[in-house]
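Working notes, structure below.
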Amino acid sequence: MDIRAAEISKVIRDQIASFGSEAQISEVGQVLSVGDGIARIHGLDNVQAGEMIEFSNGIKGMALNLEADNVGAVIFGSDSQIKEGDVVKRTGTIVDVPVGKGLLGRVVDGLGNPIDGKGPIVAEQRSRVEVKAPGIIPRKSVHEPVQTGLKALDALVPVGRGQRELIIGDRQTGKSAVAIDTFINQKTANAGTDESKKLYCVYVAIGQKRSTVAQLVKTLEENGAMEYSIVVAATASDPAPLQYLAPYTGVAMGEYFRDNGMHGLIVYDDLSKQAVAYRQMSLLLRRPPGREAYPGDVFYLHSRLLERAAKLNDANGNGSLTALPIIETQAGDVSAYIPTNVISITDGQIFLETDLFYQGVRPAINVGLSVSRVGSAAQTKAMKKVAGSIKLELAQYREMAAFAQFGSDLDASTQRLLNRGARLTELLKQPQFQPLPFEEQVASIFAGVNGYLDSIPTNAVTRFEAGFLAEMRSKHADVLAAIRDSKDLSADSTAALKSALEAFVKTFA
């Protein structure tokens, strides 16, 4: 084997030329103690609050408690692989996640890493999980509707783009189902090319079973909703710090749409579990406990998250981010600490009741306790016209139904009120994963409030509605199109609806 001296000297010369004299300096500390997902670290004197740190085995953490002689950090992973004396280094970055349209259709964990086995994420940019919410000047009042596809919501508790509407109720009352139906209902709007009508969806699953999240993703895929949705999952088996972080990760992804003139919708399912995870972290970090052992800043935990949902004005791109936080109550107790906090932060609440659910009223919305503080400004003119009287009639029905239990001899007007109320309640029922387009909701509610259902037996209302809407689609598609395009109920449309209803009532048996 011949050795060429010239070649060797050239290689050595190239290596010398490309030799970098600057050393890589990183500030390091040592683990003093570790346990329960918390590490106490000596050193790291210049670390920032909320900064990402890296342990020697590659596991990431976040510095939260900056004390005189040590740093308290939470660990985003298993603490069993970290031991006393391990070296920890600063990364110099505050926790950030990938954002952009490249995330649509993907399932990620609380740090934005893909967990769906579809390869790496193509992200246009990264964004900090903790940023300040928009101030007062960049905002605009809520005026565009979010069509949920649920008659009971769009008519009685309307949600506008940029609103925060709480979904609250006991376990197994259909809270997540309301949110998923809203996602599925965006399919037609998102299939078009008009960016102002599209609504990109983010679903944050906090502390749920993996099987539940898998079922959710399957449902969204089967209904064609996954292509415009992002799922952020911090499941029950994930460490508490990831369950605490996941909502902020989700809102950072949603803010990308809001800040770029698009519209986003985010669901936090559910914030009770995030508060529990934060309580666990705070107690282990030895922060002083308050009411129900939650830390003193648990209100700020949720307020700084929900304030990031906003409707921006024209100068800031006209985008919006709508939030539907979910809170689980215990035995219908809405006066507990976390429910009252979140009720006071949001712009209204949808209250779901176990009793209604078991009576077969689904979605199990208690119309009397549910309110939307800003949504009525976002309701379309057509829906306002038909839904104006339904609220009053249902309120009177609830009041009368309570009295009617005592007396059997009711006068004709009371009897009429009770009959109408029973049929309207029946009309607002809707099967899961079958959201209705806005124009069909208008036609359906129009039939109810104008007395066309009064002669129909209560148990036939659902059949009547299905038959009537099928008739409208096949023979009166132009009327539905007129309502959809104008978003108003003109005199011509009203007359056409009346004649169609009169004809259908005669043939219905």
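The backbone N, Cα and C atoms fix where each Cβ goes, and this holds for glycine too.
Annotation comment: Swiss-Prot describes G169, D170, R171, Q172, T173, G174, K175, S176 as ATP binding site. Among the features that Swiss-Prot reports, site 'Required for activity' is placed at S370, with the record citing sequence analysis.
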G174 (ATP binding site) - helix vs strand vs coil (DSSP): coil
In three-state DSSP terms, the structure that S370 (site 'Required for activity') belongs to: coil
Fewest-neighbour residue among binding-site residues, criterion Cβ within 10 Å, set R171, K175: R171
Candidate with the highest Cβ count within 10 Å, taken from the recorded positions Q172, T173, S176, S370: T173
Site with most surrounding Cβ atoms, counting all protein chains shown within 10 Å, from the binding-site residues G169, G174: G169
Rounded Cα separation (Å) that holds between K175 (ATP binding site) and S370 (site 'Required for activity'): 13
Shell of the ATP site beyond G169, D170, R171, Q172, T173, G174, K175, S176, same chain only (C-beta within 8 angstroms of their C-beta centre): E328, L352, T354, F357, A364
Rounded distance in angstrom between the Cα atoms of D170 (ATP binding site) and S370 (site 'Required for activity'): 15
DSSP-derived class (H/G/I helix, E/B strand, else coil) of G169 (ATP binding site): strand
Integer Å distance between the CA atoms belonging to S370 (site 'Required for activity') and S176 (ATP binding site): 17
Between T173 (ATP binding site) and S370 (site 'Required for activity'), the C-alpha gap once rounded to whole angstrom: 15
Euclidean distance between Cα atoms of S370 (site 'Required for activity') and Q172 (ATP binding site), Å: 18
